[in-house]
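Notes follow the structure.
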Amino acid sequence: MGSYADEETGKGLPDSSTNNSIFRYNSPLVQVGLIGLVCFCCPGMFNALSGMGGGGQVDHTAANNANTALYTTFAIFGILGGGIYNILGPQKTLFCGCSTYILYAGSFLYYNHHKHQAFVVVAGALLGIGAGLLWAAQGAIMTSYPPHDRKGTYISMFWSIFNMGGVIGGLIPFVSNYNRTTAASVNDGTYIGFMVFMAIGTFLSLAILHPSKVVRNDGSTCTNIKYSSVSVELVQILKLFGNWKMLLMVPASWASNFFYTYQFNNVNGVLFNLRTRGLNNVFYWGAQMIGSVFIGSILDYSFKSRRTRGFVGIIVVGLLSTAIWGGGLAKQHDYSREDVPDHIVLLDFKDGSKFAGPFVLYFSYGLLDAMFQSMVYWVIGSLADDSEVLSRYTGFYKGIQSAGGAVAWQVDSHNVPFVNQLIANWALTTVSFPLLIALVLLVVKDDNKDEEGVVVPSNRDISTTVDKPNKE
């Protein structure tokens, strides 16, 4: 390995024969893959848990209240998370964030035996803090580490690894509750399985490098800033609320978690029995893998001009969104909140044609979610190249997204009609598309033009940062 070079004088530079493989430890590919595995274990399992509806409980009240607390604190710490990431670096930020997922799954294990909401709600609030830290770090890594002309590919790679967690996580309740076809809460083994995966992800987060140590194949680093300060980050975060680029993204940010409550509780949680809900989640998160790869290919490879690729990607997602929400509205006319639970016969995966239509709809919701969020992340990633800048942008996105999620869980808790929730989701996603097109038109530059915060390649060899002592 080469020694760490003095960036001022150039002393300590290794010779040109040093390894420059894309599979080296400090390459963007490896680091984005690692953050994908972390999210596979933590939010991936959380998604599987949430996707069962009500956190796997028959009564959704505790889970709804916990999710309201979760997304309220998430909204705050999502916005602050980018600044915290710039101060602490990825290892400490991710480790603190991941550990709260274990507590949250454990709170439902406790609730299986003691029907007290308080612990679940507090665990949800703490998870909101942790999730804000994790997703701000994840967003910075995923959008700033890759080469700017391959961000769609790296986003789709991350999204596929991450959502494999939901696929595996969906199998846990399906297998462990296979013989329980009547309405019931999931068993203890389901929650314990989730906790084991989350613990693995927590310790795996310690393998993530600081962005100053990650070097692209062209020799450019992801940031020149080693550590920021509290005062700098507070000022920069406050400026985001007056940043017109961020304001154009508010509807898309708000919509991107708002629809989960409707899809998990009022489609999967209402129409299907327990074991089938777990199976549905296998395909819901599997559809996300397909959707992310599809939209990532469009955003990186469809046209030579990056701006044109952005336009095409947004239009494709917009058309698909219209078709899927339209299909959802057609199905929604078949049942209402007043039909639950007395007038709905829960569907099982063995029910043939009765099962097929609602299953395809739920699968399509997963496909749309991945394409919509991957598209938004691509737009964010096209606004800058520097990790310090993008950590704040993605933190703002996750904060607004989580505020929308907090409102959505309370909307459901107050028994708002299912059809009203669907229409609100459809309207929010539809409004976001022209605003994203405007943002791409005004800001996104083609590949031969510099972006905000781009770090100019140096003559330093790409592997020299590995041997620098770790300040984390």
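Every residue, even glycine, has its Cβ placed from backbone N, Cα and C.
All TrEMBL annotations are machine predictions without curation.
As the structure is a computational prediction, the values presented were derived from the model and not from experiment.
Record features, source TrEMBL:
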TRANSMEM  29-49  transmembrane segment
TRANSMEM  69-87  transmembrane segment
TRANSMEM  94-111  transmembrane segment
TRANSMEM  117-137  transmembrane segment
TRANSMEM  158-178  transmembrane segment
TRANSMEM  190-209  transmembrane segment
TRANSMEM  246-262  transmembrane segment
TRANSMEM  282-303  transmembrane segment
TRANSMEM  310-330  transmembrane segment
TRANSMEM  359-380  transmembrane segment
TRANSMEM  423-444  transmembrane segment
Q. Mind checking which residues reach the transmembrane segment (69-87)? Cβ under 8 Å, same chain, six or more beyond either end.
A. 93, 104, 121-122, 124-129, 131-137, 139-140, 225, 227-230, 233-234, 236-237, 240, 257, 388, 391-409
Q: Mind checking which residues of the chain, 6+ beyond the ends of the transmembrane segment (282-303), have their Cβ under 8 Å from one of its Cβ atoms?
A: 44, 47-48, 51, 149-153, 155-157, 159-160, 163-167, 169-171, 174, 268, 309-310, 312-313, 316-317, 359, 362-371, 374-375, 378
**Q.** Maximum Cβ pairs under 8 Å to the transmembrane segment (359-380) - stretch from the list 29-49, 190-209, 310-330
**A.** 310-330
Q. Which residues, given as numbers and ranges, are at least 6 beyond the ends of the transmembrane segment (423-444) yet have a Cβ under 8 Å from it?
A. 245, 248-249, 251-252, 254-255, 258-259, 262, 306-307, 310-311, 314-315, 317-318, 321-322, 325, 328-329, 372, 375-376, 379, 382-383, 404, 411
Q. For the transmembrane segment (310-330), what are the same-chain contacts with Cβ under 8 Å, counting residues 6+ beyond its ends?
A. 152, 267, 295, 298-299, 302-303, 361, 364-365, 367-368, 371-372, 375, 378-379, 382, 419, 422-423, 425-426, 429-430, 433, 436-437, 440-441, 444
**Q.** Remote residues contacting the transmembrane segment (117-137) - C-beta distance under 8 A, at least 6 residues beyond either end
**A.** 35, 38-39, 42-43, 46, 55, 61-63, 65-82, 84-85, 90, 93-94, 96-101, 103-104, 106-108, 110-111, 208, 391, 394-395, 398-399, 402
Q) Any residues 6+ beyond the ends of the transmembrane segment (158-178) with a Cβ under 8 Å from its own? A) 32-33, 35-37, 39-45, 47-49, 51-52, 56, 138, 142, 184, 186-187, 189-190, 193-194, 197, 274-275, 277-286, 288-289, 292-293, 296, 370, 373-374
